[in-house]
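Below is one structure, written out as structure tokens; comments come after it.
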Amino acid sequence: MEIQLELNLKQKLATRLATLLLATLIFASFCWDNAAASLTLGAVVALLLRNPTFVFALVMTCSRDVMALQRFLALNIYLLRRDRRGCTVARCFQEQAKSCPQKTCFLMENRSLSFAEALELSQKIAGYFKDQGLQRGDCVALLMETRLEYPCIWLGLSQLGVITALINSNLRGESLLHSIKVANAKAIIVGSELLDVLKSLREKEQLQAVPIYQYTDEELRGLPGHDLLPGAVDLGSALRNQKILELPSSKSPEEARSKLLYVYTSGTTGLPKAAVITNLRFLFMSAGAFYMLRMTSSDVVYNPLPLYHTAGGIVGVGNAILNGSTVVLRKKFSARNFWLDCQRHSCTVAQYIGELCRYLLATPYSPDQQQHSLRLMYGNGLRPQIWSQFVRRFGIPHIGEIYGATEGNSNLINITNRVGAIGFVPVYGSRTLSRASPSLRRANGCQPGQAGLLVGKVDARRAVSAFHGYADKGASEQKLLRNVFSKGDVFFNSGDSVVRDILGYFYFKDRTGDTFRWRGENVATQEVEAIITNCIGLEDCVVYGVQIPHVEGKAGMAAIVDPGRKVDMDYLSIVLRGSLPPYARPLFIRLLDEIPRTATFKLKKRELAQEGYDIRTLADPIYYLNRDGIYRTLSQEQYESLRLGKAGL
């Protein structure tokens, strides 16, 4: 993939010649007998001849920008109407359910829920928890794996104005406890498949005062490991005879901007942060993809992503809730079954994240992989290096690459199939890149080819540019940049470095700061450092990302000060396995005598990251996380497998 950063000589000459020919035609038709018009035309032509790149880009992107403008206007009209009417997500879903009650809403394996059934379940949830005393503004933590009932539960709670915290089902120990506490959850709804995770916290008497409601699938009742947790309420049984609670007919304009969900994201503070999703923000995120990618209510959308994340739980599920599409869910992504599922359910649209696409490419080739009805795949993180290969092998007519953060307002979308691009801004559009000093007090817009920090101007009046931050106000302020382009302005800091070409397309370059991306997840190094430091007796430790050839993202690597080589790797393996989700566990551990520091005693990471895990040049012992979860010395054979992309990562 090549990014066009400048015009070649032929393109410049052709652009200038075309400009002169058009100017001559205009002069002969309209200006030849008018001196003022002739002078104005001459000035404009002189200006355009001095900047052929702008003229070229304007002409080449005209149809793209007109198409995007039409779709963007339709999206904004939709959002404006919902905002003024005070429409919440629950009200939008009720409208959809009443317009097509018998249509399949959610489908998973051999089970399905129609729109009418999903609405009834959500209304039973609302009625039950109203009887339990929950009120507007309260929060309930939802900890369960993907199932048909998952979106119905938080939809029902939202009818009461109750906020649902969508807890990452991979979290363990302190991270899980922090996620529940930071949301100030008044109750926990847990799937029976995650009882062991919750038991460990209750045994430590850390969640004794929080009511627990256990949801068990009917086919799992009575099976070992799915017994009712002592002191918990059997939510499934309680809902059987529960009366429904319908939404009141009256509504206020403020309802659309009320809090709906907390979705967790890893940030520079180390522990998960609860990003605030309002009803209007949900509408924008889900409807944005729907309108900009020209999806329809007749689409069948395949969503194999977890429902506690923005991509699966908002952008994906929202196709059913807001737009009336059928959404096919899967408990856990399977590369082997991806295309079989798409064929079985006649899916027309599928979602992806970058890692998912790489896993699909790694499967053995079969002609059946193109026997699908997909017309569109959309998501984020499809690597430019595999983009074209992915499209050719699986016969995907259209790729919709979306860029955006859960809590952010720096949103871009690629609607034109431009290989490698995360989106675009018209060449005459506003500045969204800053090339700044470390203090970020002085910044200038970046030129094509220059890496810059992607920022988005904050405007609370508009759904597309509002910033609602986190449940923690202090963490929210840290994501804002002030006085970037002019005094008094406020921008959201995406934390991502990107570049743009002369046509206004943007391309992802890297994550800035300490956070890096692995397995489709953002890994906050401070959280990992804290756990390792506590385990090894408070010795110095730094965690950073290292690049592995032929693998997307950066793998975690920890450097530990251990001059006596006394660290117990078996014990450390057990601690990390019990404290961190798989994607956050360092793949490599390096033991060294001393970690370099700055003059202000800050530990340096950049040099260590550049040195990586090259056992040919490093004398320090390096340990590698094996498939059994144990760290062992990195062997020459393992190193060569990593270098050649044959390690199965």
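Glycine is treated like the rest: Cβ placed from N, Cα and C.
Not measured: the values here are computed from a predicted model.
Of the listed segments 180-204, 305-329, 530-554, TrEMBL assigns transmembrane segment to 305-329. Under 8 Å from some Cβ of the transmembrane segment (305-329) lie the Cβ atoms of residues 89, 92-93, 96, 99-100, 103-108, 115, 142, 145-148, 150-151, 155, 166-169, 261, 263-264, 277, 282-283, 285-287, 289-290, 295-299, 341, 345, 347, 349, 351, 353, 356, 379-380, 402, 406, all in the same chain and six or more residues away from its ends.
Assigned with DSSP, the residues of the domain 'AMP-binding enzyme C-terminal' (527-602) fall into helix, strand and coil as follows: 23 helix, 21 strand, 32 coil.
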